[in-house]
Amino acid sequence: MADSKGEDLATAILKRKDRPNRLIVEEAQNDDNSVVSLSQAKMDELQLFRGDTVILKGKRRKETVCIVLSDDTCPDEKIRMNRVVRNNLCVHLSDVVSVQSCPDVKYGKRVRILPIDESTEGVTGNLFEIYLKPYFLEAYRPIHMGDNFIVRAAMRPIEFKVVLTDPEPYCIVAPETVIFCDGDPIKREEEEESLNAVGYDDIGGCRKQLAQIKEMVELPLRHPSLFKAIGVKPPRGILMYGPPGTGKTLIARAVANETGAFFFLINGPEIMSKLAGESESNLRKAFEEAEKNSPAIIFIDEIDAIAPKRDKTHGEVERRIVSQLLTLMDGMKKSSHLIVMAATNRPNSIDPALRRFGRFDREIDIGIPDATGRLEVLRIHTKNMKLHDDVDLEQIAAESHGHVGADLASLCSEAALQQIREKMDLIDLEDDKIDAEVLASLAVTMENFRYAMTKSSPSALRETVVEVPNTTWTDIGGLESVKKELQELVQYPVEHPDKFLKFGMQPSRGVLFYGPPGCGKTLLAKAIANECQANFISVKGPELLTMWFGESEANVRDIFDKARSAAPCVLFFDELDSIAKARGGNVGDAGGAADRVINQILTEMDGMGAKKNVFIIGATNRPDIIDPAILRPGRLDQLIYIPLPDDKSREAILKANLRKSPLAKEVDLTYIAKVTQGFSGADLTEICQRACKLAIRQAIEAEIRREKERAENQNSAMDMDEDDPVPEITSAHFEEAMKFARRSVSDNDIRKYEMFAQTLQQSRGFGQNFRFPGQTGNTSGSGNNLPVNSPGDNGDDDLYS
């Protein structure tokens, strides 16, 4: 209970308080730019009369003034306004606005109103006489500085903007008010820039972090008296860190727009100067400028560029800048309403002196969003997109593991581009205008999103090639028990995390496949990553080792970091024996680099966060030389022996290999499976490939022969068009291929694996006959059941029984 209460307190600042003057926006019945409608009961409650002027407050500190009228059909908690008023308040339908009486509104002496250039194209004549004069004469209209409004006359609407009012910021335009409308029209681009300013509702996927930032920034800037009353200093700085593309800079801009504070942006590298002392003076100027315009927010983007660790930097300038930043942050006056925000994606390379309380008080991790966060981000990016009915955003959010906000934005634009490509045959690029029907038919479908998903990969993993492989269970013949165990290991924690919570258990972390070469160990790892739609990072053992001291361990760290940031993720170590040999025996190998790599892998496996679904699969055909520390439970806790296939498995492998090939009916795969005892999966694949090759060779030779015959007797060329000479792979091809068939694994090797499996079985499976006292009767049947992966029982591999 305490936990849920804590949750509530953490995001309490985001909850909107209920007040009688907070109303939900609804579409207006009459299309008047200066009128809003309320129910009579709500007007009585707010002590408003019909025709009163009210001030409305919307999002991003936007406000406007209107005349209020009563409307009996309007529900009590709603307010009706048309699109013009909504745009002036930056709100949409069903958003919330606050209404207050505005008794101090005066008649205006002078107002300046300019048209917006786009809407006046092709219009000549006096705009004032045709548009503005009739608009303001018909009613006493209240206007607010910065408002836009549309006037319809002479067959076409024109949009105007209120540039100045006297008195500021709002007044009523009466008959004696002087209206100036001289000057150049306002450019639409400038207008849209202010409209497209970012607000809190444009940020998704970091609700908790936003709550922390709001209480750190909005409370000191808006209500410093709160801190005075309690007797503590308001916080001074916030450091936001996290991977690129999660929205750190976006949050800073949104905070500035929503608080209405002066926003001063410092891009880290821009401060640097070649002249001595100038870099520090640039920093001082920025702080002075912000203090003059308080309340203000200083935002330092990429702070690691100007405040690196002083003991690590060689340049004197960087050290001086760090010292200057420290003294500036300490010297900020108590009274000045100034907050410093900084963003970086390398928090550990910042000087530690900056990270103490009183400078950057709070460090906020803006991490990779979860499925709910991704859904929020997708909704924000698709709110202006035309989507087809079949688009399921929840499905896309669930499948886009490891994507940050920037990746999701690119996903949406890629899907939209794909939709345009599909309609390309209807669009003529030479034409000036595109047919309205084509534009109307554009709608992004789920298929477009599916295509975009194949093209986009999480930005955290761009440099390591992460692919979700396209191998499925059908590509793997046999090994049913192993497949089942793998599904339990990887698919269950990803798809049914609630069950693990219910039974209070953490899913196991890793598996080691061992067995003779060519039995499908690598193939299994690929298939499991594909089946549960997890990201898949394949680590080739020898690639991790480099000639530089300490670099090999850093490579291991990086790979694990990337896997964690793209969870759920399968890390596949192929040829594990090359990097995880038993320690102590590696004398004279680059100063014990291999030992250090193993130590790093061990610590990374232990330190893998409990909440991250990262699975490790190792594959080796030399399990005897692997360090025993890696094989303990909690690291690679499940050792799965992948034996040579038995009769049924061999038949399944042959079928899997030949499932796309045309096969003659007389080819008896069961018989081939029976005679190929001791063959591995790779050997069987080789037989199939050789049979296919022989069929292809025969088909090509027949074609060449036919061409020659055709050239010799051209007259009867038409009659010679008979059937395909080699329509399918016949038994003759297989008989020929079997002459070259060979076993790649000797009996001797297999005995080694069997021995290793046996010793493991004995060392681990000592409790096969374990019973609780007094319960012998209940479980007598299951007493002799070995685990599915016990290679000791002959049922699993009857090759040499």
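Positions of Cβ are set from backbone N, Cα and C atoms, glycine also.
Look at Swiss-Prot and you will find Pro244, Gly245, Thr246, Gly247, Lys248, Thr249, Leu250, Asn345, His381 tagged as ATP 1 binding site, backed by similarity to another entry. In the structure as shown, the Cβ atom of His381 (ATP 1 binding site) sits within 10 Å of 19 other Cβ atoms.
According to Swiss-Prot, the feature ATP 2 binding site maps to Gly518, Cys519, Gly520, Lys521, Thr522, Leu523, an assignment based on similarity to another entry. Under the three-state DSSP scheme, Cys519 (ATP 2 binding site) falls in the coil class.
Marked as phosphoserine by Swiss-Prot on the basis of experimental evidence: Ser716.
Annotation source Swiss-Prot lists region 'Disordered' at 764-801.
Summarising the annotation, Swiss-Prot assigns compositional bias 'Low complexity' to 776-785.
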Residue among binding-site residues Gly518, Gly520 with least C-beta crowding, 10 angstrom cut-off: Gly518
For Leu250 (ATP 1 binding site), nearby residues of its own chain (Cβ under 8 Å, 6 or more apart in sequence): Val198, Asp202, Ile203, Gly405
Residue with minimal Cβ packing [other Cβ atoms within 10 Å] among the binding-site residues Cys519, Leu523: Leu523
Where Thr246 (ATP 1 binding site) sits in the secondary structure, as DSSP reduces it to three classes: coil
Residues that sit under 8 angstroms from Lys248 (ATP 1 binding site) by C-beta distance, when 6+ apart in the chain: Met240, Tyr241, Gly242, Ala343, Asn345, Ile366
Per-residue Cβ crowding (10 Å cut-off), top of binding-site residues Thr246, Thr522: Thr246
Chain-mates of Gly518, Cys519, Gly520, Lys521, Thr522, Leu523 with C-beta within 8 Å of site centroid, ATP 2: Phe513, Gly515, Pro517, Leu524, Ala619, Ile642, Gly681, Ala682
Lowest local Cβ density (other Cβ within 10 Å) among binding-site residues: Pro244, Lys521: Pro244
Rounded to the nearest Å - Cα separation of Thr522 (ATP 2 binding site) and Pro244 (ATP 1 binding site): 32
